[in-house]
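As recorded in TrEMBL, the features of this protein are as follows:
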| type | residues | note |
| --- | --- | --- |
| TRANSMEM | A:12-32 | transmembrane segment |
| TRANSMEM | A:37-54 | transmembrane segment |
| TRANSMEM | A:60-84 | transmembrane segment |
| TRANSMEM | A:96-114 | transmembrane segment |
| TRANSMEM | A:140-160 | transmembrane segment |
| TRANSMEM | A:188-212 | transmembrane segment |
| TRANSMEM | A:224-246 | transmembrane segment |
| TRANSMEM | A:258-277 | transmembrane segment |
Amino acid sequence: MTLFLNIAVDGIAYGMILFMISVGLSVTMGLMRVVNLAHGGFALLGGTFAHWFGQELGLPFWPAALLAIVATIAVSLPLERLIYRRIYGFGDLQQVLATIGLTFLMIASVNLWQGSSLLSIPLPDSLKQSVDLGFRTLPVHRLVVIAAGLVSILGLWLLLDRTLFGIRLRAAVDNRGTASALGIDTDWIFMAAFGLGAGLAALGGILGAEILPIDAYYPVRYMVLFLIVVAVGGMGSISGSFVAALGLGTLETATRYLVPDYATIVFFTFVIILLALRPQGLLGKAHA
Amino acid sequence: MNRFISAALLAAISTAVSGAAFGDTIKVGVIAPFSGPFAIYGKQYQEAIETYVAQNGSSAGEHEIEFIYKDVGGPNPDQSRSLAQELLIRDQVDYLAGFTFTPNALAVAPLIEQSQTPTVIFNAATSSINKESDFYLRTSYTLWQVSAPLAEWAYDQGMQTAATTVTDYGPGIDAENAFKAAFEAKGGKVVDAIRMPLSTTDFTPFIQRVRDAAPDAVFTFLPGGPPTFTYTKTYNENGLADAGIKFLGTAETEEVNLQGLGDDAIGLTTAYHYSGDHDSEANAAFKSKLNELFPDAVANWASVGAYDGTHLIYQMVEAAGSDGPAAVQSALGLEWESPRGPVSMDPEARTLVQNVYIREVERDAQTGELVNREQGIIATVGDLGWTQ
């Protein structure tokens, strides 16, 4: 029973971290349909800024995190204007090549600026404590990640399904020409959506840093993880990513408890079978 | 007339040959990663070599020494082999050095056997490498060398049960075997031996399993950087330290990433051959020269491995010049005072015989930095894995 509870608690906590680090990608790649391999790069920038504000300038955690997200968005907007705007029209393979090139640029820049060792983000004492769940303890920062995950999914649902911005974004993605002809400022919509994706990437990078620590090679190290969550969840579906992240987190945690030596094999076998049966992902819409 | 010509020729040749012996240049090819995720190793090797050169000059005996650096990128045996070939044939190097990863070191064995080139391994820590060629000399350590004394020490401290959690790849399994063999030989019991996938990001399940098993200690082996960071955090957050389950490790608290681990690292116990905090004149001289040349450099096992390797090359060049077999012969049994403490080259295993220190991470009162404070020497051993 304790084992079962352990798996449930750790699975959800880990799943939420997976969701937080890939939610930005489900906006840019899932929603805007640009194969944005530079997603990890924005998470890295967010984490590096947070390290710089927190560790080197000595700001407290929350203001440092907020400033880091703002700084990442500030970097992403000119990038969107100058580079991504051209990338949207490319084929899939060209998008992969262009965005992975950007990733390497970001890695090299961070390496030059902060070196290649770990960039820690100092947590406040309130987040370092552990909460007693009765049968075991759970660190507070994991509860914060769970809360942030719930707030993100709810906020995104409201934004995309219930606001004019969301409707216009979906229209612009489906048919940019028609949306533009109807008077929607698609340039602005895309830029805002891209900034949102980059900001969420930064948030995920910072909140996930306790488990997936920031260093210059962060984007390459965890790229497969982000892509799996979005692919299993289904392109174009934020709730799909959410379900996928929780499911994969629980699956991976369960295999690590029960059969640690085979954890990786079981995990990837499951992903392969699932994608073979449902290539469009759990909640993705099949494209013609 | 004919005799006169041949005599003149002989004189000319002998002048040329002896001219070569006095003031010639001996080339050393260094194969290491200088780009990509492992570039830090190449950088540290180069910094350590240049520190040694700055302290001792660029000549050994009557020979000038020149270093040629080649970038192998990462664990890439094919590339390692072709770089070695290029160095031996085109650059005509007399010595090879570097080698961070075991496969890269193994890949050059047939080449150095053929060309009889002494090859100094700065890092690659698998015992069996040196069995592949008599021209390998190692100035780092092996996993058996530090893990087995740690297990014996732990048992002597009253820890009777232990769990092992190692990353599931070559060095991790070496570490697990060494710890287990030594701990059980003493009479201890390994209650759980967990092998964690190399791609593990969340260590909570393994840590929680250890906690439920409640042994006296948990021995671990992790690749440096992110996995160590997450593991030590999870170890603290899940209250293992409070539950009296002692952390035992080896390279996990190495100096380059130590500051990044933060306060969670305080109190971690490791057994290792080098601490940047080692209190000796040789270490102080090494560190002050290193930081004078490279203000951002942090001395750790990789830099000290390269520094001692350079020392060994200088000694061999002085004794034997470019004569490979004689150079290796001259190195066997050589003793010197390294920044890590007194060392000697084991004539059989060709790995250093050195002190293994037990250390605990502390925050230094003066600098405010985290350091591996040595608590004592628990063994002075060569490669214990040689006969396994």
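Cβ atoms are placed via backbone N, Cα and C, with glycine included.
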Six or more residues out from either end of the transmembrane segment (A:96-114), which same-chain residues have a Cβ under 8 Å from its Cβ atoms? 34-38, 40-42, 44-45, 48, 51-52, 79, 83, 87, 90, 216-217, 219-220, 223
Best-contacting stretch, by C-beta pairs under 8 Å, relative to the transmembrane segment (A:12-32) and drawn from A:60-84, A:140-160, A:188-212, A:224-246: A:224-246
Across A:60-84, A:224-246, A:258-277, the most C-beta pairs under 8 Å with the transmembrane segment (A:188-212) come from A:60-84
